[in-house]
Amino acid sequence: MDPKLVKADHFSVVGLHLDGSTSNAFGSSVNRITVSQLPGLNMLGLSTVHVNYARGGVVPPHIHPRATEILVVLEGNLRVGFVTSNADENRLITKDLREGDVFVFPVGHVHFQQNVGRGNVSVIAFLSSSNPGVITVANAVFGSNPSIANDILARAFQVDKTVIDQFQLHF
């Protein structure tokens, strides 16, 4: 952007604190602030999200291909986890967090969160890219367009092709 055209609004956004609707299949809501919403983030190497979770709500397994994420629990009890690489035997690293706790998800690792408390959960997270990207694992595997061939997925998951057909109906 031409520096002469820069305005204060390019460096400010309102509404990150607002709770989103958790009335969905996952019971969670993610309010993202990336370079798309806040042009002033361009080239600064960071972005943020505010996530709300209903009781039992999840952010399903996903990957940020271009960012490490650091999460801070503002309210409630949250189970978090990530899976290490194939070279490290795909170990699950998981922890239950409470208000004020912090957890880091390394760049490119499959990770998730789940509300394990009796009430709602609210978190804020910061990512080390102005455009971190997100790849939801189930959507990518079972909902790609065009679809990954059923025989490939059946072999990868070591199940019958009819099981793959059933999964793909949901995506």
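All residue numbers here begin at 1 and follow the chain in the order shown.
Including glycine, each Cβ sits where the backbone N, Cα and C put it.
Nobody curates TrEMBL annotations by hand; they come from automatic prediction.
Under the heading domain 'Cupin type-1', TrEMBL lists 14-165. Per TrEMBL, the feature Mn(2+) binding site maps to His62, His64, Glu69, His111. The feature oxalate binding site is assigned by TrEMBL to His64, Glu69.
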Based on Cβ atoms within 10 Å, give me the single least packed residue among the binding-site residues His62, His64, His111.
His62
Non-local Cβ contacts of Glu69 (Mn(2+) binding site) (under 8 Å, 6 or more apart, same chain)?
Val104, Phe105, His111, Ala125, Phe126, Leu127, Ser128, Pro132
For the domain 'Cupin type-1' (14-165), the mean pLDDT of the predicted model:
96
Compute the centroid of the Cβ atoms of His62, His64, Glu69, His111, then list the same-chain residues not in that set whose Cβ lies within 8 Å of it, in sequence order, for the Mn(2+) site.
Ile63, Ala67, Phe82, Phe105, His109, Val110, Pro132, Val134
